Amino acid sequence: MVLQKLPLMSIGLLWLLIIVGPLVNADGPVCPPKPSDKLSRAHFPKGFLFGTATAAYQVEGAVNETCRGPSVWDIYCKKYPEKCNGDNGTQAVDFFYRYKEDIQLMKNLNTDSFRLSISWTRIFPHGREENGVSKSGVQFYHDLIDELKRNGIIPFVTVFHWDTPQTLENEYGGFLSAHIVKDFREYAEFVFKEYGGKVKHWITFNEPWVFAHAGYDVGKKAPGRCSPYAKDETVKGDCLGGRSGYEAYLVSHNLLNAHAEAVEAFRQCEKCKGGKIGIAHSPAWFEPHDFKDEQSGATIDRALDFIMGWHLDTTMFGDYPQTMKDIVGHRLPKFTTEQIAKLKNSADFVGINYYTSTFSKHLEKPNHAEPKFKQDSLVEWKNKNVNNITIGSKPETGPLPVYSTGFRKVLKYVKDKYANPEIIIMENGYGENLKENDSVENGTADYNRESYLKKHLWSMHKAICEDKVNVTGYFVWSLMDNFEWQDGFKNRFGLYYIDYKNNLTRHEKVSGKYYREFLSEGVRPSAIKKDEL
């Protein structure tokens with residue numbers, strides 16, 4: 001056999017590739033990892049942020065401290081306990097008092113960022129500045145943000161995570177009224193000016209389609225509004241007023257205009273210069289119910305237009321997707337020319353909360369006499385496909401199917417449709433209800449959650465490496481178990497187990513240990529300079 005002679009440099013490079021593995025740009029991801037590699041932070045781009053997420057009402061508690069006023073969730077869960085599993089956020093998991101301890105839990109995980117939300121009524125107890133400002137409430141978030149930064153953890157702040165001031169709900173119906181736009185801008189502008197010098201990553205609204213649909217179309221979350229024919233089958237008790245097929249669109253319209261006004265205020269804020277702002281969207285992925293059915297395949301784009309394009313198209317392009325205009329018609333409010341101009345390009349990044357996927361089937365015969373949001377998309381959400389197969393896997397304790405392929409597909413979809421924007425994964429996590437088996441021992445042995453995180457981190461890495469998606473950060477939902485809205489405390493998402501029977505003691509779970517070890521390899525971003533502390 002005759003061997004072709006190679007230059008010494010080529011031979012050296014060949015041996016380097018054999019010994020070291022794939023070459024990588026110093027700032028880029030390792031693409032692909034060696035087959036023997038255990039995925040870790042080291043395989044992601046330099047400066048990629050990893051963190052955990054929470055929300056004020058779900059973790060803070062201390063509802064009577066700092067002169068905090070009531071939110072819709074305070075009143076909803078106390079007045080209708082059956083709609084919140086008999087639980088409420090009065091104490092939640094005591095984060096208000098234990099945040100310093102909990103920040104040490106974040107450090108233990110090797111995370112470098114933390115997503116929190118500000119309670120509107122801890123700043124303005126009755127919704128507006130003219131009704132009073134809680135100085136101690138304002139100081140609480142200063143103290144929290146300062147403590148995070150002292151510990152090298154970058155704060156990401158959500159301005160609104162579903163806790164509308166009850167005063168504004170009573171006065172004009174909250175987000176059902178256009179009055180909310182002015183009041184939200186005032187509140188957002190206040191927190192930007194107060195914290196904008198310390199916080200450079202902002203989210204105006206969390207999961208707007210869920211907020212509108214669950215709260216105003218199927219009655220599943222506060223304020224529990226729906227038409228009786230549209231009420232979600234899991235909801236206990238009656239709809240608390242409402243008009244399905246109409247109110248969700250009105251609420252979202254006001255929310256989007258409030259977002260645009262808040263972004264304008266943010267971009268005019270001197271302290272906020274160099275910061276970024278966006279929305280945390282919450283898409284599922286859809287696979288065709290029947291791959292042989294052309295109509296079934298066409299449902300995917302339509303479903304995504306309704307649950308993501310509804311708010312993402314609008315903040316990118318200035319208006320609703322054409323599919324929504326065509327189908328919803330007069331029930332979909334119209335933007336003015338001025339509103340369109342403010343909405344267009346009103347996000348610096350795309351926040352994505354991803355949990356699960358489902359099958360989509362074309363809805364042949366919608367009932368026009370009983371309009372409702374999901375029906376409007378002409379899509380049926382199906383748990384199993386035409387062959388009676390569940391999407392992904394469905395662990396016994398998990399209420400949602402696990403399908404990490406859907407995560408990657410969502411990311412590629414956003415890249416392709418919206419010209420490769422910066423994407424930050426604001427939430428990704430696994431919930432489980434242990435029921436009668438709930439204990440510290442069983443709750444911390446969360447191997448299903450560990451598996452979920454492994455699969456989704458791999459899918460995200462493939463999206464970055466192979467699909468060239470511009471993902472820059474990832475937050476696990478959640479740091480610890482917390483109050484999960486209509487599920488109360490029964491649905492656990494945390495990397496730390498909260499012992500509700502024993503002084504809310506925190507216990508690291510198997511998934512927490514996995515995330516800690518995943519983040520222990522590679523360099524943490526040094527994004528906080530000493531002069532910023």
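Here the Cβ of each residue, glycine as well, is placed from N, Cα and C on the backbone.
With a cut-off of 8 Å between CB atoms and residues at least 6 apart in sequence, the same chain places Ala280, His281, Ser282, Asn353 near Glu207 (active site, proton donor), listed in sequence order. Residues or ranges marked as active site, proton donor by Swiss-Prot: Glu207.
In the three-state DSSP assignment, the secondary structure recorded for Glu427 (active site, nucleophile) is strand. For Glu427 (active site, nucleophile), the Cβ neighbour count at a 10 Å cut-off comes to 23, with all displayed protein chains included. Swiss-Prot lists Glu427 with the feature active site, nucleophile.
DSSP classifies Cys226 (disulfide bond) as strand under the three-state reduction. Marked as disulfide bond by Swiss-Prot on the basis of similarity to another entry: Cys226-Cys239.
The motif 'Prevents secretion from ER' annotation in Swiss-Prot covers 530-533 and is backed by sequence analysis.
The feature signal peptide is assigned by Swiss-Prot to 1-26.
Each of the disulfide-bonded residues Cys226, Cys239 was scored by the other Cβ atoms within 10 Å of its Cβ; the lowest score goes to Cys239. Across the fold, the C-alpha of Glu427 (active site, nucleophile) and the C-alpha of Cys226 (disulfide bond) stand 27 Å from each other.
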